[in-house]
Amino acid sequence: MAEQHREESGGSVLDKISDKLHGRGSGSSSSSSDSDDEHSSATAAVKAKIYRLFGREKPVHSVLGGGKPADLFLWRNKRISGGVLAGATAIWLLFEVMDYHLLTLLCHCLILTLAILFLWSNATTFINKSPPNIPEVKIPEDLAVNVARSLRYEINRGFATLREIGQGHDLKKFLIVIAGLWILSVLGSCCNFLTLSYIVFMVLYTVPVLYEKHEDKVDAFGEKAMVELKKYYAIFDEKCLSKIPKGPLKDKKQH
């Protein structure tokens, strides 16, 4: 009987110790999960306070529109992006360096393609093989309508912006547009349209992917630059812009 009593008491002591250990373990796990939640919320708050260039709140991939065009500019598939870059470079070399003309290139390509297909179609009768299957190419009506609508919307928005600037409603926008047009005029005097298009293409192919890799450093530098620009703009506004008479504003309410 004494031995049984000792065994029962020993077992109860072991059970109590194991319960205490499990209780501490659960408490530590809950405390660790709470600390993890606090750490994640703290990191999310810190990320929310980080300055992003041009007020960007979405990733670079989403800013570029997402999908295949964004994958192309961000080099998600290096083979496809490299092939497009090689094709654009080859076109620029043909037209700019070798002085090849667009109409001449199109005519030569069509001559070569039609000659190959014509000879291949006639040669199949002598070698007992099936003629080439030339697909029927048609432009879908929905695609053409959507492109025309998008182009019409962008053109109308540009006209509306120019009309608003011409009426003298927004001085800041006026200065930005004038500066942009002046930069384009300088670039146009230095190079032709094809070279300018190739430069823009190279910028789109290099700047987004480099910005995505070093966005924290670029955003920190951009924040400092924006602070300095706001200071200079405030001084310029106080000394010059505020003294310029503004144009008549539209009445918001019609009486």
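Heads up, the Cβ atoms here are built off N, Cα and C, so glycines get one too.
A quick note: this is a predicted structure, and the numbers were derived from the prediction, not measured.
According to TrEMBL, the region 'Disordered' annotation covers 1-39.
Summarising the annotation, TrEMBL assigns domain 'Reticulon' to 69-254.
For 79-95 (among others), the entry in TrEMBL reads transmembrane segment. Same-chain residues lying 6+ beyond the ends of the transmembrane segment (79-95) with a Cβ under 8 Å from its Cβ atoms: 72-73, 101-102, 105, 194-195, 198, 201, 205.
Outside the transmembrane segment (101-120), and at least 6 residues removed from its termini, the chain residues within Cβ reach (under 8 Å) are 94-95, 131-132, 134. Sequence annotations record features per position, and here TrEMBL assigns transmembrane segment to 101-120 (among others).
If you look up TrEMBL, you'll see 174-207 (among others) marked as transmembrane segment.
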